[in-house]
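Student: Take a look at the following structure, please.
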Amino acid sequence: MKPTIDSTPTPLNRRSLFKLSAGSLLATWLAAPLGNIFAQTSAAPTSAPAPTGPYTLPPLPYAYDALNPSIDTETMKIHHDKHHKAYVDNANKLLADQPELAKLTPEELLKDLDKAPESIRTGLRNNVGGHVNHSLFWQMMSPKGGGEPKGELAEAINKQFGSFAEFQKKFDEAAMKRFGSGWAWLVLDDGKLEITSTANQDSPIMEDEEPILGLDVWEHAYYLKYQNRRPEYVTAWWNVVNWDFANSLYQKALKKD
């Protein structure tokens, strides 16, 4: 495992047999409109924006205010409708005259960025990475989330870290020690759960790691409510973690690993 530390292009570790990080479910979220797959409330987007390229902004799977008080309504609106949308729009612009690259799924492109012209490689790394990370992030949270994982994921966490409390402590440390903008992750790497972090919008799949759980620690994810109090945001986030989704990613990852 080699966590990335900046956003400049670097040679990528490619495994010829590596499969998509979240299977067809994530591919659908990243590359196609979802219509009404998720029930919407009046506080949530009613439909996904019309696509202007190969990638589409997925609608939130819950209302903007659904994660209150852990994550406030205005932050969710800006984070999804402005920041995530910007990643999608910028990626589509960069791919406008790259028909072969546009045929790749976002995950395939991130794992093989060397195929992209050097002039747009960093832009794709940042914006496609932001699209992939956020498409996962929305699903990794739920208004019915929180608590502790169950089943095989819980067993694997206890086996690897000793207890859920110890895992949570180490994950919090990764989130707090990530300097500047980035993410904290729980990943599956060669069949083993590991905690890591990435800078900017780099994704674990760039290192052939399967993301199981991820926390956005960019300031735009929490500053309206928590200002510079990142520890409070990290603590509150555990109340909305969608362990069912994390467990589904873990199950898929086990089959691919």
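Placement of Cβ uses the backbone N, Cα and C atoms for every residue, glycine included.
A TrEMBL annotation is a machine prediction, not a hand-curated record.
According to TrEMBL, the record shows the following:
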- His79, His134, Asp216, His220: Mn(2+) binding site (BINDING)
- 55-142: domain 'Manganese/iron superoxide dismutase N-terminal' (DOMAIN)
- 149-247: domain 'Manganese/iron superoxide dismutase C-terminal' (DOMAIN)
Student: I'd like to know the mean pLDDT over the domain 'Manganese/iron superoxide dismutase C-terminal' (149-247).
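Tutor: Mean model confidence (pLDDT) across the domain 'Manganese/iron superoxide dismutase C-terminal' (149-247) is 97.
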Student: I'd like the number of other C-beta atoms within 10 A of the C-beta of Asp216 (Mn(2+) binding site), please.
Tutor: 24
Student: Other than His79, His134, Asp216, His220, which residues of the chain come within 8 Å of the Mn(2+) site, judged by Cβ distance to the Cβ centroid of those residues?
Tutor: His80, His83, His84, Phe137, Trp218, Ala221
Student: Name the residues of the same chain, 6+ apart in sequence, whose Cβ is under 8 Å from the Cβ of His79 (Mn(2+) binding site)?
Tutor: His134, His220, Ala221
